[in-house]
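Participant: What follows is a structure written as structure tokens; I'll ask about it next.
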Amino acid sequence: MKTLLLTLVVVTIVCLDLGYTMTCCNQQSSQPKTTKTCAESSCYKKTWRDHRGTITERGCGCPSVKPGIQLECCKTNECNN
């Protein structure tokens, strides 16, 4: 009976994917710090300049960017602040 219960617990954990999640900053430019819990294993910070000045975008994952956009990807909680 104990073996069956242990097996059910392990199967539940594997099926629900109760693994590690990241906490990434997601505020834009100079806005107050906000965070988001992400399923991805990394966070990013994109920076570029336009007529408004320097723009910063933060979020989950590590996206592809166009030339002229600086991208920093990292793998620890809130590392993209």
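Placed from the backbone N, Cα and C atoms, the Cβ positions cover glycine too.
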Participant: Per Swiss-Prot, which of CYS15, CYS25, CYS38 is disulfide-bonded to CYS60?
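Facilitator: Answer per Swiss-Prot: CYS38.
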Participant: Which number gives the other C-beta atoms within 10 angstroms of the C-beta of CYS38 (disulfide bond), all protein chains shown included?
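Facilitator: 17, counting other Cβ atoms within 10 Å of CYS38 (disulfide bond).
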Participant: Would you mind checking how many other C-beta atoms are within 10 angstroms of the C-beta on CYS62 (disulfide bond)?
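Facilitator: That number is 16.
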Participant: Among the disulfide-bonded residues listed here (CYS24, CYS43, CYS60, CYS79), which has the Cα closest to the Cα of CYS73 (disulfide bond)?
Facilitator: CYS43
